[in-house]
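TrEMBL annotations:
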DOMAIN    4-69  domain 'Golgi pH regulator conserved'
TRANSMEM  12-31  transmembrane segment
DOMAIN    139-280  domain 'Abscisic acid G-protein coupled receptor-like'
TRANSMEM  150-172  transmembrane segment
TRANSMEM  205-230  transmembrane segment
TRANSMEM  242-262  transmembrane segment
Amino acid sequence: GILSIEQLISRVGVIGVTLMALLSGFGAVNCPYTYMSYFLRNVTDADILALERRLLQTMDMIVSKKKRIAVAHRTMFQRGEVHNRPTGFWGMIKSVTTSVPGSENLSLIQQEVDALEELSRQLFLETADLHATKERIEYSKTFQGKYFNFLGYFFSIYCVWKIFMATINIVFDRVGKTDPVTRGIEITVNYLGIQFDVKFWSQHISFILVGIIIVTSIRGLLITLTKFFYAISSSKSSNVIVLLLAQIMVSGMYFVSSVLLIRMSMPLEYRTIITEVLGEL
């Protein structure tokens with residue numbers, strides 16, 4: 001019936017799997033770009049110093065032009081041009097068309113100041129980006145950085161393999177009988193020709209891999225939501241919203257969708273147990 005557990009889980013799963021697909025697409029691009037040293041551009045101290053020197057020169061030009069504007073205003077005030085300036089439409093036309101000899105073109109200088117301030121903001125952001133990239137380069141040389149770099153390559157290959165196999169399964173309308181871990185261990189054992197208990201170790205490695213995927217996916221979801229709400233609201237309200245969404249999604253839609261998706265990463269006998277619980281979805 002419409003109110004059966006199978007129907008409810010199937011409808012919740014459609015929304016949850018779609019949401020997880022969007023988050024996974026973002027993570028599949030953002031995670032390797034963040035942690036893999038392959039995507040780091042080469043930044044040297046000379047590049048940072050050159051950009052900082054350019055930023056300082058721009059700030060000096062801004063200060064110099066603002067000083068000229070202040071001196072011009074003081075000169076006009078001393079001459080009485082501020083108090084005796086004509087008002088009305090014709091007075092405004094006269095003030096624009098006529099100029100005092102030796103006076104500065106304040107509107108033009110102010111436009112230059114605005115352009116330089118915008119340039120200084122862009123230079124500051126670029127300088128901060130270079131410093132962050134330099135820190136990432138230094139971090140990639142540590143043991144933890146090399147570890148995350150290796151995981152980036154591993155999960156990138158795993159992601160491409162899952163996309164390839166999912167496409168084949170959809171096109172040929174088939175269901176895989178062997179999970180990726182068991183299949184990978186069997187290929188490795190047959191290639192190396194060693195004695196290895198494939199069934200025993202494939203179960204443990206599959207559950208460990210599935211646990212890592214679930215924990216990292218939920219962690220990535222919460223980090224992404226935190227960044228989003230920090231951008232649109234205050235820190236206190238964003239924390240409350242993130243906790244509320246975490247309770248709803250982890251305990252409900254997100255958890256059910258995770259269970260639906262990780263079935264294909266588990267051995268066949270455990271996959272059958274989950275399928276009997278959830279129904280023929």
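Each residue, glycine too, has its Cβ placed from N, Cα and C.
Same-chain residues lying 6 or more positions outside the transmembrane segment (150-172) and placing a CB less than 8 Å from one of its CB atoms are 28, 31-32, 35-36, 180.
Using DSSP to sort the residues of the domain 'Golgi pH regulator conserved' (4-69) gives these counts of helix, strand and coil: 59 helix, 0 strand, 7 coil.
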